[in-house]
Each structure stands twice: as structure tokens, then as C-alpha cells.
Amino acid sequence: MLAPRQVLTRALLFRHIRQSSTAAALVQENDELPLTYLEGFPKPDAKHAETIVAFPRAQSGKNISAKERKAGRVPSIVFEQEDGQHGGNKRLISVQNNQIKKLVNHLGRSYFLSRLFDLEVRPDVDSEDIIEKVRVLPRLLHLHASTDAVLNVTFIRAPSNALLKVDVPLVFIGDDVSPGLKKGSYLNIIKRTVKFICPADIIPPFIEVDLSELDVGQKLVMGDLKVHPALKLVRAKDEPVCKIAGARVSAESKKSK
């Protein structure tokens with residue numbers, strides 16, 4: 001089993017893959033070589049790239065957080081690793097509410113939490129000086145239950161050698177030619193995201209789920225997903241993702257029976 005922390009060394013994951021997966025032959029033997037997106041797999045659209053601007057926050061607590069939100073900022077934290085047990089490097093920051101809200105509304109929550117961003121920490125709002133510039137993955141996003149206002153965000157630093165647990169969104173394609181759906185059956189979506197351990201340089205923005213050959217009663221499981229061979233499933237391969245279920249029976253049809 002892999003270590004239960006959120007960020008692992010690339011070498012540890014590759015060793016695990018080489019020992020337990022047929023994808024091992026496709027993994028580069030030199031762990032220091034950079035990984036790249038493969039042809040035919042989704043990769044982030046550069047037009048959505050954006051630098052998140054942040055400011056240092058000296059203290060935490062309910063009162064401090066309330067003041068930050070009143071000033072139009074979102075209290076946030078950047079970790080070296082999520083559990084903080086291996087270096088930690090925790091920094092209290094605040095980010096601009098308008099920027100985070102725009103990104104979440106534009107990308108969607110799941111896509112926001114599976115995309116890398118550059119984070120620039122500046123001394124204050126009016127300064128152009130940069131205290132720290134780092135690539136990060138949004139790990140947790142807390143929204144107000146009633147208003148969907150952004151309450152806080154947690155980021156994890158994402159250097160090239162980091163391995164990150166990511167809930168990758170699923171995009172379903174081929175529904176227009178699916179034999180089962182053409183017969184009047186319906187798609188039962190069981191999973192909308194699937195958790196993978198991903199090398200930071202090749203986190204997929206989404207995974208395509210091809211329904212084009214599914215007939216009535218057939219299903220796709222996590223092991224059927226087509227992904228970069230360096231990605232490692234966290235859950236069991238036989239867990240279902242979706243299924244073509246029988247046609248829905250209308251209320252009128254039930255009465256006629």
C-alpha cells in the first residue's frame with residue numbers, strides 16, 4: 001500500500017507501479033526525467049492559466065477570518081504537504097475573494113480543485129514585490145451553505161517531483177451513438193470524479209469516459225478509464241463509474257398496466 005499522506009515522492013510511486021502494474025513498462029526508468037502529457041489525453045488549456053495573488057496573514061482565528069472576509073479577502077493556507085508531517089512549510093495567507101469566486105464560477109468547483117495555478121505572495125495589495133512565487137493545487141474549498149460565498153481555501157505546493165491525490169472530473173462522451181441509449185435506456189452516473197495519485201506535471205484537467213460502445217446493462221469501472229500510465233488509482237479498479245440502465249417507465253405506462 002502507498003503511504004497515506006497526500007504528497008509522495010515520485011520515486012516511491014514509480015517503485016510501486018513497477019512492482020504491481022502492467023503499465024510499468026511505460027514508466028520512465030529515470031525518475032528525474034520530466035513527465036509530459038501524452039498525445040490523445042486531455043491537457044490543461046493555456047487560456048485558463050491565471051496567477052492567484054495572495055498576501056501574508058500573521059494570525060488565524062474566527063475574528064481574524066471575519067475581518068479578512070469583510071475586507072474582500074479569503075483566509076487561506078499553503079502547505080508543503082497536506083498532513084504537514086514532512087517539512088510542512090505552512091504559510092498563512094489571504095487571497096482576493098473576487099478572483100477566487102471568478103475562477104470557481106468559470107471553471108466549476110471540481111475543475112478548480114484539479115487545476116494547478118501559480119501563486120504570488122505579495123507584501124500588501126499595492127505592492128508589486130513578490131515574497132514567494134510557487135505552483136499550487138487547490139486542495140480544499142469551503143463555501144457558505146446558503147450563499148456559496150467563498151469562506152476559505154487550502155492550497156498544496158506542487159513542485160515537479162510532487163505526487164498529489166487529485167479528484168479528477170469525468171467528462172462523458174459518445175452518448176449520441178451509445179447502442180443502449182439509442183434503445184431508450186438511460187445513463188446512470190455513479191462517479192463524477194475519480195481520485196488518482198498524479199505526478200504534478202501531468203495532472204489531467206478531466207478524464208473522458210467513452211460511452212459509444214455501451215449497450216443496455218453494461219457498465220464501465222474505474223479500471224476502464226484511459227489515463228496516463230504514470231497515474232495511479234486510489235480506489236479499487238472494479239468500482240463502477242457508470243451504467244446503461246433499463247428504460248424509465250413513465251407514470252402513464254404504470255397506470256395502463
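Cβ from N, Cα, C; glycine included.
Whatever TrEMBL says is automated annotation, not expert-curated.
Per TrEMBL, the features are:
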type	residues	note
DOMAIN	53-155	domain 'Large ribosomal subunit protein bL25 L25'
DOMAIN	164-247	domain 'Large ribosomal subunit protein bL25 beta'
Open item on the list: Restricting to the domain 'Large ribosomal subunit protein bL25 beta' (164-247), what is the model's mean pLDDT?
Closed with: 96
- [ ] Taking helix as H, G and I and strand as E and B in DSSP, count the residues of the domain 'Large ribosomal subunit protein bL25 beta' (164-247) in helix, strand and coil.
- [x] 10 helix, 36 strand, 38 coil
Open item on the list: Please list the DSSP helix, strand and coil residue counts for the domain 'Large ribosomal subunit protein bL25 L25' (53-155).
Closed with: 24 helix, 40 strand, 39 coil
